[in-house]
Structure formats: C-alpha cells, structure tokens
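Asker: Here you go, one structure.
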C-alpha cells in the first residue's frame, strides 16, 4: 500500500523545478511519432447516443486514456486496484482521466504539407533557405508549377520552375534523366538535398567579394538563417510536415449541451476536415486515380492543414456553421485573449472578492474595513483549521456546516484569525505599484469595503461607486512580505518622484486651510493664553475665533542628532487655529512649519519634512491626526457653494466693450486691405484671449480681497473668506480657470477640429448662456469626453510597451565599480531655473569627489549617496555642477548596480539588490499618462505672441559670463555683434553659482562685457525678432558675383517708403537662359590692393553666399567694416511648425521615430562651403582640417543655419529642424542623446505639472540602447551588420581576448521600445508581447534557448520572479540543482537580506515556525 501511495504522489507532483532554461525548435517526424499514443484514423468524435468516444476517432479512449478515473471504457475494470491494466476488450489503460490533458496523438499525412508559419510569416523562412521568392514557392506548393529537384545530366537548374507544358516537353526531351516534382514533395526534395554547410561557405565567400549594399543585406540575412539551422542541428526539411500532431482531447473539449446539441472547440472541426481530406487522398492513391484529381485533393489537404495551424493566414479563413472564422492553433496563443496574456500572465486567483468602496475616516492608515460576510468567505480554510484545532468540529464537513450556518462561535474565531493577517486591496486600473496595497482588516457590518481617505490618491479612488478587489496572502512568507513591503503605512512616498503620496486632499485640505487662515478684527483678537488647553476652552465657549491672532505659549520638542528629546516652551504670536494644530506636530518639527495658511502644497511639504526629520512611524501617525483635524474643521467651517459667492467683476462690461472696439478696428483694416484674413483672425483671437485674461484678473482681484474694519476702526483689505475662492486657493478643488468660467467670461471655444472660434462666449455660468453660446459650449465638452476615452487606451498601451522593454532590468549587484557618470547642472531655460541642481542630484551617487571651490578640500567622497544634507551643503558652497553616476553608464552586464541607480525613491534609502527598477520606471512614466493631452498644438494666435522676443534682460543681480561657443565682432559703432550659432550668456551670483542662462541668436547685439557686474533688469542683448542678419567678419570693398537682376535677384520696391532692395530669387523663377543654373549670388571682399580678402589662416577667399529670400542691404563697391550687415533674411520663412504635444510626443520619443522634417547635423568637424546646386537641392561641403571634403545634398526649401566659411563641430545643427535621436547618438554620443530624450520627455510632463525623476527615463533609455551593431566581427562568431545584445558582445569579446584573438568592433544603436521588446534575447517574453507568430517562428528555426532571466518569463513558467524576495529563491534553486543542500536557516538569512525592515515579532514567529 505504501509503495502505491508513493507512486501516486510521484504521479501528481512532477519535479518541475529542475530546469534552468527552455529551448524551442522544430520537431522531426520521428519526434512527433514518439510523443504520440496512437494514430487518429477517423474523423468521428463522440457517439451521440452513448456519449462514449468513438474508437480511433478524435476522442478515442484507447489512444488518449479513460474518460473516468480508474475505469476502462467498457466497464470491465473499475477501481484503483486495477491501476495500469490495459483492458483486453476495449484496449483502454486504467488510470487517471487527467492524462487526457497530456496524451497526444498523430495523423500520418498521405502527402507532405508545408508548415504555413515558415512559409507565410514574412520574411518567408522557406524562401530564405531555398533562395526562392515566396510567389514561386507558393506556385509549387499549391500545384501550379513543377520544381526541378535533381537535374541529373540535363541542362536544367536545381530549383528551376516548370509549368505543366514545360514539364511535359522536357520529359519528351530528356526522358527520366531528371526529377521534377510538384507540391510539398518538391519543396521537401529541395530541402533534403540542400547542403547547409556548403551554402554557408559559399555565402561567406560572396559576402567578402560583393560591394553592393543590397546584396550584403540579403546575403547576411540568409547566412543568419542557415547558420541557425547549422548550430541548432535542426534539419530544414522539418519545415515540411509528414506527420501532424494532435492536441490532447481535454484541451479541445466537446461538451454535450441539453437538447442533444454539442458545444465544441473549433479545433475539432479543423482536425475533422484534415482527417477527412487525408483519408480521401489515401483512398484516391490506392485507387490510382487520375493525377489531376489527386493533385486537387493534395492541394485541399495542404489548405486544411494551413487553416488548422493558422486560419486566415492564407486565402479566406475557414468558417464554421455560423459564418464566423474558426479559431486555429495560432489564434489560441496570440493576442489579448490568447494563452500568453490571458492564462499565463494574467491568472485569476482564489481567496479573492470584490465590492464597492466607501470612506472610512475613523480607520488608521494601515487598516481597512472588511465586510463580515466577505471575511467569512475569504478566510474559510483558516476558520476550518481553527475549529478543528479547538475541537469544535471533528471533520472538515462539520466545520463547513458550522460556518455556513454562521454559528456565534464562528464570529469569535473569525476575529482571531483575522488579527494581524493583512489583506491586499487592489483598484483597477493598477497603473503603478501603489495600486495594490496591504491593510489590516477590521470587521464591519454592511457589504461595502471601507477605505482610508489618505490612500485614495495612490489608488486614484473616489467614492462614487468605485469597486475594489480583496486578496488574501496565504503563506506565512506571503503575509510577511505583504506586511513589510506593501502595508499602506510603509508606502508613504511615491516611487515616481520620492515625494509623499499620502497627502490630504479635498475636504481635509479645506479644513486645514480654514483652520490656519488669519482674520482681521474677529472675536478674541489680541488675547493671551498660557497654553493650548486654555485657548481651546476659550474657543469652545465662543469667546475666541479660529482666525484670531493671539499670544500663546506653545510646547515644542527638540530632538538632537543623538535622539535626545527636550521640551522647550516658547511664546508665539499666532492664530488660534494654528496653535490648536501645533498639538499634533511630531516631536522634532518646529512650530514655524505650521505658522502659515496651509494650502495643499504646504501640507505636502509639511509631511515631507516630517518624513525626513522624524521618520516613517511618526509621519504616519501625524498624517492620521492631520486628517482627523482637517475633517473636523471642514465640518465646523460649514463652507458651501452659493450663487452669491460668484462675484461678477464690476469692470467686465468696460473690458468687453473695449475688446469689441478693437475687433471692429481690425475688421475695418481688413476691408481696406491692410491685413490678410489670416492675420485678422489671429489678431481677433489674440484680442479676445487678452480680454478674457483681463476679466479673469479683475474677477480674482475682487474675489480674493474683501474690505473689513479693524480694531482701530480703519478699513483694511484682507484675503477673502469667500467659499469658492477658499476652495480654489487652498488647492482643495477647482482652479482659477474654473472660477473664471463661473464668474468671469467663458472666453474662446474650440471647434471639434481644434480650430478656435473667433467669437467668444462673453457671459459666464452665473449670468447664464444664450442658445448659441450653449451650443458652442457643447463642442468643447463633447470633445473632452471623446479625448479622455482615447487617452486612457493610448496611455495604457504606452505603459504596456514600457513595462515590456524594462521588465528584466533588476538591481543585481551593489556596485559595478565604474567611475563614469554624467555632469549634472541646474536646468535653465529662457533665463529661469526650471529645475534646480538639488532636485537633479538628490538621491544620486556622486561619481567624483565633490570639492569645496574655495578651500579645495573634499567635502563629499566619490561613491557616497547624496541625501538632503549633502545637497544642502553643495548648494551652500555654490557648486553648480556635480558628476553623478547614472543608469546609462552602469557597467553591470545583466541588470543594474545599486550605486548607479542611487536612492530607491519609494523608500528614501539606497536601493536594495533585487529591486525591479525597470518596472518601477515604466510605471512611473506610464501612470501619469492619462493626465497628458492627446492633441497636437497648432501654433497660432495666443501661442505665437511669446515667440517674438526682441531682447533679454537679467532677472537677478550678478556677474555676466559668456558660455556656449560665444564669438562676436565689434563694428564701427563699437557694438558687439554675435557671430556664433549657439552663444549663451549666464548671470552668476557672488558665489559663482549660475542663476540664469539665456540663448542668444546669431546677429544679436551684446550690451554687456564678459565678467561685468549687472543689476537685475539690465538689458543684456537685443535683436530684431523678425529678420536674421548676415554679418561680415572681415572688412573690405564689396564685390558682387552672380548678382544679376532677373537672373538671381529681383528688385523689390517698398510701397510705403519707395526704397528698393535686392531680393535673392529661386532658380525656378529666373527669367534668363540656362547660364544661371546652379549659380548662387555671393559677395567677395577686396582689400586696398584690389585683391580678394582671405579667411584668416587659409588661402580660401572670403565668399558669403546668399540663400533664397535674402534681402541684400549693401551695394556693389561699398566699403564695409567688421560687424556690418550684408543681408537680412526675413523670419517668416521659419514656418510655424505644429508642435506635437502630450502623449503622442512621449510615445514618439520612446519609439525613437525620426521626426518628419528632421534637422541635419554636421557629420564632421570642418569648414563649410557651398558647391554647385543640383535640381531642387543645394550642395553643402564640409572640409576637414586635413583637407578631406564631404558633400551633403540639402533640399532647397530647407533653412540652412550655417554660412560660407563657418567652422562647424561634429554634431552641430547645420539645417534647421527637430533633431533626430539616431543622429544625436551617432554624432554626439550617449550622454547627449540621454540629455535630449530626458529633457524632451520632461518638458511634456512638466507642462501638466507632473513630477517624474530623471532616473526613470534613464532606465528606459538604457534599455533602448541595449543592442549594438557589429561593424567588424574580428574573430568572433558574429556577422558584420548584425544586431546583438551588448552584454553578449562583451562576454564574447572577453572570451576572444583571453585567447589573444581580435575582438569584435561595434557601435551603439538606438531602438524604439516596441522594437527593443521584440528583439530581446528571451523569446518567451517577446512572444507574449506582440507578433507572437513571427517571434515563435524565428525562435524555432534558430533553436533558441531562453534562460528565464526576466520577470515575465518566470511568471509564464510559474515561478517566483527573480526580483525582490524571489532572488533568494532563485539563488537557492540554482545551488540545489548544483547539488548543495541549503537548510531553512539559510533561506531566512536570505530573506532578511532582501527585506531589511522585518519587525522582530514576525521574525520570531517565522523562526519558531
């Protein structure tokens, strides 16, 4: 009996943990037969009367096993004792019926058929191996042509196609000297006779000799496929099926419905069709039927096998009775509903429930209210266990009964079971890791789950009918992880930006704001109190108002660095509300943090300060108390919304009238032809935009201030206590823009296509809209809803792609030892500090010692984490750049190292080994996606106003420094004219810290000197915003060349002034003959001797070429001096580009798509000159210092940023336009690329006020750069132009260099996130992402091996993920596979390594248990 049980146990528990990798390959016919338990010969399924499977049919019990456990089909052998007996009557083995899920069968095909995946999945693998086109192969396979398999002694070629007539003619001519076949036999013959080794040698030879790029590409592709066959030992002819495997019947079930009908899987229909045709073909072959009939049958067989494998891939899809295409094997695994995404990655789990959520303000932060009935159901097994342990029930059945009848003792046991047993709450959509958090359940009556108000922000939950799911962690380890890692009170910070996410919102903010506001001349003003208690009594007895400024003694607790506490009592002059609030301050925070009106931002800062100074525990308690206080006071305040609160500004009518007059004036100008219709529209939109702003300002001034009489009887203004104003001002709800619609004017509205309607809505909701205004309003409202729906889908898809590209990036070691990093500076744009240095380096590890600039001593050592204190120190020393380690420079091969990542933002300390930083980065970028806009902005009206700046002034006092590559010349008037393309001027403070930075355009006039002190508000430089000058750097006499009126230039006469100017015209508009083709007007300069002036240090003449549209301002023979303007280019030519904004822009950046009109970067460093123009293109030549010249053709309509004789650096912009990230990587390197992508992505998020830490974007960029292209293979196994994982190349190079051979040379390549996900080494991960068929086809041919490195692959094979606490499991598993046995103590030590903050009580339980 014992051995029997042991056997049974073995049968149910196969040791699935023994494998380390999964390989995929093609199965040979013998392999398929070896899997099979018998051949399916008949298309029958189940006998409709007896419901028993037909013999030799698709559900045959003899092949697949018994239908009932331990019972043969005819019923002769029943029960366990006959285990393993094969019944002699019906031939069925007596065993478990679940073998019907795993036993396969096969069908012997009468004629070989091609596997459609290898035929049709582009590029066709069959075509590649045979070097034939897909069209040709199809003609052979579907019996339209013969193919020569063995030419013998004839002049025919192997693989040549012959039509029917050709074939008959050749047979006449050569008899049977040659073999030509049709259908899959022909292709199989070709594949069998293919000598892979020989072909590879031939191809390598061809690759050496050929020069054409296209051929190299074609050959290397084919070479790759053939080498894959060679390495994997897979024979090419296995792509042709001779035996078809049959899926186990329980995976394609047939279920009898009532009424004699059956519900069946589509696969059964597809198999039936194959079997029918196969049997018919066998019979025809036996009968020696005419060739044409056999051929037709073979073609039909090929088609039916095609649709079984991948229906609809070729021709029309096979349909069932209801005209719906049948679901083939390929459809089973691909797409959202396929095996990968539906069953392997997203399983449904037991011990879970869902219900509506309601607010639970009485809960502590780590609690949630769980309905009793739900808890009873969820914790059933625990209750059964307890009932048995206590001896209240002897069997499970009895326990079940007790629970179902809900006996009183059950409730007591439930209380006990639930104590200290966390449950996990999840709200869909789970966009980041805070969408699932653990709570300790508190039993409540009713049927709704109660949720703590402060976690609503993280869940993005509200109580308008949202539902949440509850999950119960079962094992002790799971409970411990839930408690230490997921408990709501352990997740105070947001992993996206390291700021608190447990922040009060809505009513709480309103209550706290109301409590901390100050009022003039309110009850009890000026009173003095000995302590808060006394003040409270005065308040309760109505002698004192919350807003009164009083004098009161407050107790503060000071905490020293060593943790000693001392109380200190100080007298403060503050408001009553703030004094009451001071009672709940955590020890260690001074009262000054509270002594202001608390708006939402302030409260967030307050919680942040508490977390940094007082630690997690105090902060959680503090947040809870803040919440209670806020709710209480919001109730007390009784703030409501009343019609009277919406004050319409008094000046509104005047402002609107003035705007109407302006619009009339512009309409008059338009009718008299002074402005075009476009200009008129833009101006009108502009005027109304301004008017709306003025009305809004007047309204806010009126709402925000009110007149009151103070104690001394004077009238003073105070901040208003208007309900609506308070709601917006505190940040509780609403915004200035919404109040503006309520009480100002609604302003301009957009049509559905995004264009702005020029007649605004001048009324507001308070006054009411008329029919037309209401109708116009509906446009915008409806578009908003449509936009939101679109946005959600798009944002979700972006997140999915991001997660997929980064899912295997985990912190795998503590320090990779690199000294590399990026130099971080404050981000300054348009003279304003957008992001100070402290925000950019906080939580990073510095790569070099930070040195005090004055004393030159090291203040922070390289390799130390820059926390708040370190950053404060750096700021105080006036250091304006720090080199920090980044994810992009990390040298860890697989994964990242902790030092290069820095601080784990969600925990506030150095990141742990095992943290899945890739997924966190993806979530942090994807989660705010729904807040981004979807539309592209057309620059016009309002947006273009800002563009026409004509100068910069300093915003702060300091010292001027020139930055960038500032070059300037002084002209005759002594003005400094800038002749550099990327000049910048910086204003630094006394400490030398950069305060502002401004970009200056070419041709601007500098008004300050380098190193000069300036005050705030001083003009630094001016320029004409509407034209771009061309300035001469040399003096001399102007000599025109190719300046012919009517040929290259035209005379323009200004109607108003009557002056004439020469305008350079395009060759197409030229009037004279062909002589002037390709000639461009230019100016040369002559010196006193009449010789051409040379460029300094060379023997090239100075020649300034004018581009089309330039206005030449000098005359022939005129004397010019340095810095004079030769020509002006009107700036209308820079067309207003549509700016892609919001979500599409982020997707575009991460997909690394080259922009439409990309700018051109200089490929080399050298001097620019212009060659002869060809049709429609201008020729730009860059001559390097050693004299090598490189030509570039640039379309005429493009705006060239450089001029003749200018020196450009490699990677500098020479043709205007948005940058192409691939060019940046190639010419400027990784750092420049990272900067570009980070800045661009951050710009989009910053516009919406979303904060994301740079390191998340760096992590994504690292994954986009993880592949390289081989330039020169050296002695490695790679092929030139091949794309490989960087880590793979490095490993291979290490191996080769160790043998003293030549390593492979490679260059970085940037892949978009979709491409990067699909080209990952793990085929399982790629297949579960997108294009499943293609990925699997490719992997099968190459015999790929998946080492199960990433998170996704491990989820799919059903293991713990190799991140976090799962890392220990994987390490142990590997050790055990290597034969070491590790005890439980070891596992415990590992666990503590990964989960640092395990509470003591838990650890005792675990060690005891």
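Backbone N, Cα and C define each Cβ position, glycine as well.
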Asker: Taking 816, 846 as the options, which does Swiss-Prot list with 890, 897, 900 at the Zn(2+) 2 site?
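Answerer: The one candidate that Swiss-Prot places in that Zn(2+) 2 site: 816.
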Asker: List only the single closest residue to residue 897 (Zn(2+) 2 binding site), chosen from the binding-site residues 72, 90, 466 by CA-CA distance.
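Answerer: The answer is 466.
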Asker: Nearest to residue 900 (Zn(2+) 2 binding site) by Cα, among 72, 74, 462, 466 (binding-site residues)?
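Answerer: Going through 72, 74, 462, 466 one by one, the closest to residue 900 (Zn(2+) 2 binding site) is 462.
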Asker: Find the one among the binding-site residues 87, 90, 816, 890 whose C-alpha lies closest to that of residue 466 (Mg(2+) binding site).
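Answerer: Going through 87, 90, 816, 890 one by one, the Cα closest to that of residue 466 (Mg(2+) binding site) is 890.
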Asker: Would you list the other residues of this chain near Mg(2+) - those whose C-beta lies within 8 angstroms of the C-beta centroid of 462, 464, 466 - in sequence order?
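Answerer: Those within range, site residues removed, are 357, 461, 463, 465.
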Asker: What whole-number Å value do you get for the CA-CA distance of residue 464 (Mg(2+) binding site) and residue 890 (Zn(2+) 2 binding site)?
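Answerer: The separation of the Cα atoms works out to 47 Å.
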Asker: Would you find the one among the binding-site residues 87, 816, 897, 900 whose Cβ has the most company, meaning other Cβ atoms within 10 Å?
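Answerer: Answer by Cβ density within 10 Å: 900.
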Asker: Which of the three DSSP states, helix, strand or coil, fits residue 900 (Zn(2+) 2 binding site)?
Answerer: helix
Asker: Residue 90 (Zn(2+) 1 binding site) to residue 462 (Mg(2+) binding site): how many Å between their Cα atoms?
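Answerer: Counting only the Cα atoms, the answer is 63 Å.
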Asker: Starting from the Zn(2+) 1 site formed by 72, 74, 87, 90, give every other residue of that chain whose CB sits within 8 Å of the mean position of their CB atoms, in sequence order.
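Answerer: Not counting the recorded site residues, we get 61, 73, 75, 76, 77, 88, 89, 91, 92.
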Asker: Which of the three DSSP states, helix, strand or coil, fits residue 816 (Zn(2+) 2 binding site)?
Answerer: coil
Asker: Taking 8 Å from the centroid of the Cβ atoms of 816, 890, 897, 900 as the cut-off, which other residues in that chain fall inside it around the Zn(2+) 2 site?
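Answerer: What remains near the Cβ centre is 813, 815, 818, 885, 887, 889, 891, 892, 896, 898, 899, 901.
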Asker: State the count of C-beta atoms found within 10 angstroms of the C-beta of residue 464 (Mg(2+) binding site), not counting that atom itself.
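Answerer: Around residue 464 (Mg(2+) binding site), other Cβ atoms within 10 Å: 7.
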